[in-house]
Amino acid sequence: MEQRIVVMLAAITALVLFIIVMVAVSFYFYHVAIARADKEFLAENPDLAANADVENPFADSKDWWSAQSFENWSLIADDGLKLHAYYLPAKKATNQTVLLAHGYAGRSEQMSSFAQMYYEDLGFNVLLPDARGHGLSEGDYIGFGWPERKDVVKWIQRIVERTGEEAQIVLHGVSMGAATVMMTSGEELPSQVKAIVADCGYTSVADELTYQLKRMYKLPSFPILQSTSCLTKLRAGYSFQEASALKQVKKSKTPILFIHGGGDLFVPTEMVYRLYENGPAEKRLFVVPGAGHGLARQFDPEGYDREVTEFIGTYVREENKRAAMVR
């Protein structure tokens, strides 16, 4: 009898210790991945290192950014957060606007080279939101694109209000920004959204974090992913399993250009093939051989810009271009 009691107490103690450890581990990974904080681990990650042999052709984009006169926009998200965006009206009035979505732990300024392309070469208005938990936007957590998808829908509404009912809108995102616009694609979008460009986005938050737990920490996903997901649901309102770009592109009615680097080890290249296979009827795939994460345009600037220009040109019609109703 006493032996059975001892065994039972040992089992209960082990269970309690396991729960305590998992709670501690969950809070640790929540702080590392989800909480708004400096992500120092990114700077040391070799999978994000730029190729020293490839010159950055967009080094002057920061100077271009500094020379622009941006408007500061804001809106209140569905959960009450105040979100910020920069808006740059085109030199010549137009109903064509691109919304540029930045990556994880980034900010809108990091999309300056893309903004310069759309503004200078294509004559678009440019909207650059700071995602919740980033830049000048409020929020104490990162949503990996899932809550942000609803924020993007509200920014789309603002663009239509500004440029009129005949607005033609392109969504272009990189990394987490790509996941954001893909997750947005599965929502009921207004007819003004004509095309989406998704550059190096992941299939789902669960897939990406499973991959990173193994690659960065040499750890299995179970039970860490599940426990951290539960904590994220409690604190940030979403779970890793529901935050799926793959499921959203299956529902998308908007044409999507999928772009990825063939040498991407941070968001593995195989993900883009799954996304493309499950994407909408109108889609295109552009993989740049050897390019690391977020470096497809740096590796092949001419090819990248050509693919983007040709793709969006199929759906954004020049003959529909007109002066914006409100400036």
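Glycine too: its Cβ is placed from the backbone N, Cα and C atoms.
In TrEMBL, annotation is done automatically, which means it is predicted and not curated.
Now, the feature entries from TrEMBL:
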- 95-208: domain 'Serine aminopeptidase S33' (DOMAIN)
- 6-30: transmembrane segment (TRANSMEM)
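Across the domain 'Serine aminopeptidase S33' (95-208), the model assigns an average pLDDT of 98. The helix, strand and coil residue counts that DSSP assigns across the domain 'Serine aminopeptidase S33' (95-208) are 46 helix, 27 strand, 41 coil.
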